[in-house]
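What TrEMBL says about this protein:
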- B:12-30: transmembrane segment (TRANSMEM)
- B:60-80: transmembrane segment (TRANSMEM)
- B:92-110: transmembrane segment (TRANSMEM)
- B:141-160: transmembrane segment (TRANSMEM)
- B:189-210: transmembrane segment (TRANSMEM)
- B:222-251: transmembrane segment (TRANSMEM)
- B:258-280: transmembrane segment (TRANSMEM)
Amino acid sequence: MLRIENLSAFYGEAQVLRDVSLEVSAGEVVTLVGRNGAGKSTLLRCVMGLHPGQRGTVELDGRDITRLPAHKRARLGLGWVPDDRGSYATLTVTENLTLPPTVGSDPWSLERVYEAFPALYTRRDSAATMLSGGEQQMLALARVLRMGARLLLCDEPTEGLSPLLVQQVGDLLREAKRHGVTVLLVEQNLHFATGVADRHYLLAEGRVAEAMDNSEVRSRERELLAYLGI
Amino acid sequence: MSGFAQNTFNGLVSGAFYALLALGLAVIFGMLRVVNFAHGAFYMLGAFGAYVLLSEAGVPFWAALVIMPVGLGLLGMALERAVIHRLTKLDPLYNFLLTFGLTLILQDLVKLRYGVQSSPYETPSLLSGSVDFGLFDFPTYRVFILGFAVLLCVAVWWVLTRTRIGMVVRAATERPDLTRAFGIDVGRWVTPVFGFGIGLAGLAGVLAAPMRAVNPLMGADLIIVVFAVVVIGGLGSIFGSVAAGFGIGLVQAWGEAYLSTFPLVSQTIVFVVMAGVLLWRPAGLFGREEAPA
């Protein structure tokens with residue numbers, strides 16, 4: 001579904017991604033793990049079309065989208081879940097949910113979202129930034145599901161959440177996968193990653209250092225945790 | 001008591017002009033991150049256009065009230081497409097140079113044709129005379145301005161808070177990149193929003209024609225205060241700009257009436273208030289501090 005070939009990205013003079021190539025098949029959940037500064041978030045931004053300094057190719061369903069602006073990529077079914085959760089202070093919870101146009105064949109209705117997230121329903125007319133961190137994370141995920149996105153790009157959705165909420169995020173991603181949604185996930189929490197994902201890419205210094213499956217990550221957990229510095 | 005009420009009413013009327021101009025500046029800054037120093041020149045063009053339409057073509061006030069905002073709005077959109085949109089990727093200094101340069105060009109073009117003397121513009125007959133409020137009489141035209149400006153501000157507020165267009169504008173104003181990532185072509189909204197802000201300035205100009213001296217520099221004199229208003233309200237805050245507009249109108253009118261022992265108090269009091277607000281709240285009364293990029 002998503003194919004990245006020889007992707008390089010720059011911040012001014014500094015190169016943060018070096019010839020990264022990877023693939024995500026339809027219906028898969030794939031994580032990007034790596035230390036801070038390894039280029040994971042930049043990679044997601046490149047796929048979304050939000051990073052101006054890049055070279056290489058990004059393909060979605062065999063179509064080259066490298067030159068496509070972000071709003072057109074979103075309309076092809078990319079769902080953006082940014083690391084800061086992307087809550088709008090000047091929009092209510094409902095407005096945050098209904099801002100993106102629906103794009104996919106299976107968008108969630110607002111009723112379904114509120115049924116799944118009663119906490120969002122009770123705060124539906126509040127400014128989104130008044131929600132707790134966990135609620136804002138749910139809002140960010142609910143927003144792209146309501147949009148009907150086919151490929152979710154999630155940047156550390158469990159960061160700073162309590163174990164209970166981490167579990168909820170996991171349940172949600174697994175449910176999305178059951179409905180055929182594909183996910184590319186930046187994640188530091190290996191335990192969480194192996195619980196929701198099929199495969200993993202280890203990024204180091206802007207390159208894909210290794211591709212691993214779940215059993216490999218589990219058997220090397222200690223070594224990987226030490227490497228990631230957690 | 002009637003003196004106080006009259007001063008208050010006068011303050012609200014000048015506040016209405018500040019509010020209309022500041023509102024346009026706020027939506028433009030919010031959407032484009034461009035501070036439009038040419039805003040006063042479009043206000044002047046609105047008034048001058050109404051004057052020229054009446055004196056040279058016999059077009060009445062009511063028609064000018066529609067023609068000028070629409071015409072100037074379209075001119076604004078053309079300017080945005082031609083030059084203003086190039087500013088977004090440049091150093092803010094160019095923002096100042098371009099929009100200030102536009103001001104000088106527009107002012108001098110008008111001067112070239114009509115000179116610098118002020119021209120009178122007759123109050124439309126429907127709105128001549130005065131309204132009796134019991135304690136005091138008030139010119140009908142000023143009552144009309146106040147009502148019209150309040151209605152317009154409420155309408156803009158309604159569009160911004162209750163419609164899908166308003167929601168998109170708010171989202172794009174707050175976080176343009178993120179909004180693109182949600183499938184919204186933010187660029188498509190920039191030109192109409194700029195035109196709308198310019199149209200508001202033109203509208204304020206037409207409203208000003210019957211009660212203020214119509215001359216090429218009328219905008220330059222006013223816009224300095226309007227910038228102080230925008231800073232006090234919080235740059236980019238729609239509500240803040242309107243509230244501060246009316247607030248500063250009141251403060252000026254009261255200052256003039258009750259602090260008249262200090263010379264020039266009405267011209268300086270705005271900046272005293274601005275300095276005070278900035279010391280207390282650097283982002284303005286209703287502004288939010290910008291998140292570091």
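Glycine residues also receive a Cβ, built from the backbone N, Cα and C atoms like all the rest.
Keep in mind it's a predicted model, so treat the numbers as computed, not measured.
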Key: Stretch in B:12-30, B:92-110, B:141-160, B:258-280 most in contact with the transmembrane segment (B:222-251), if contact is a CB pair under 8 A   = B:12-30
Task = Tell me, please, if the transmembrane segment (B:12-30) and the transmembrane segment (B:141-160) are in contact, taking contact as 3+ Cβ pairs under 8 Å between residues separated by 6 or more positions?
result = yes
Query = Residues sitting near the transmembrane segment (B:92-110): Cβ under 8 Å, six or more positions beyond its termini, same chain?
reply = 34-38, 40-42, 44-45, 48, 79, 83-84, 216-217, 219-220
